[in-house]
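According to Swiss-Prot, the Mg(2+) binding site annotation covers E12, D42, E55. The active site annotation in Swiss-Prot covers S32, and the record cites sequence analysis as its basis. As annotated by Swiss-Prot, site 'Transition state stabilizer' applies to K57.
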Amino acid sequence: MNAKKRKGSAVERNIVGKLRDKGFAVVRAPASGSKRKDPIPDIIALKSGVIILIEMKSRKDKEGKIYVRREQAEGIMEFARKSGGTLFLGVKKPGVLKFIPFDKLRRTETGNYVADSEIEGLDLEDLVRLVEAKVSKTLDNFL
């Protein structure tokens, strides 16, 4: 495994560990470089019936754009549709880790997807709060 893939794998493992610590059931399912024919997101996290799907991308520089190839994007969007999960692009740049809802990505003329630096994302704590808000039950749920 080359250094770039090792670093990306380390980021994914770190996120998996943090989500587990927050009570999620988590699977790391990296497919890049493998012989898998069916595209799947890098991280699948579940908590009380809520499914979060994360495709991770990293950059060495803070300002560069993050691209997802059309074929990969279509495959993981189909996985999200079939699973009922919410798909995020996890972006790791120097000093930055954010999770962008996939539907906020911009589509290029060639059909690829791109995350500009200006696109707002959630940090890990905000992502956890989003899920916990979906699973929290109030008295109104039982009336």
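Backbone N, Cα and C define each Cβ position, glycine as well.
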What Cα-Cα separation, expressed in whole Å, is found between E12 (Mg(2+) binding site) and K57 (site 'Transition state stabilizer')?
10
In whole Å, how far does the CA atom of K57 (site 'Transition state stabilizer') lie from that of D42 (Mg(2+) binding site)?
10
Select one residue from E12, D42, E55: among these binding-site residues, choose the one with the most other Cβ atoms within 10 Å of its Cβ.
E55
DSSP says K57 (site 'Transition state stabilizer'), in three-state terms, is strand
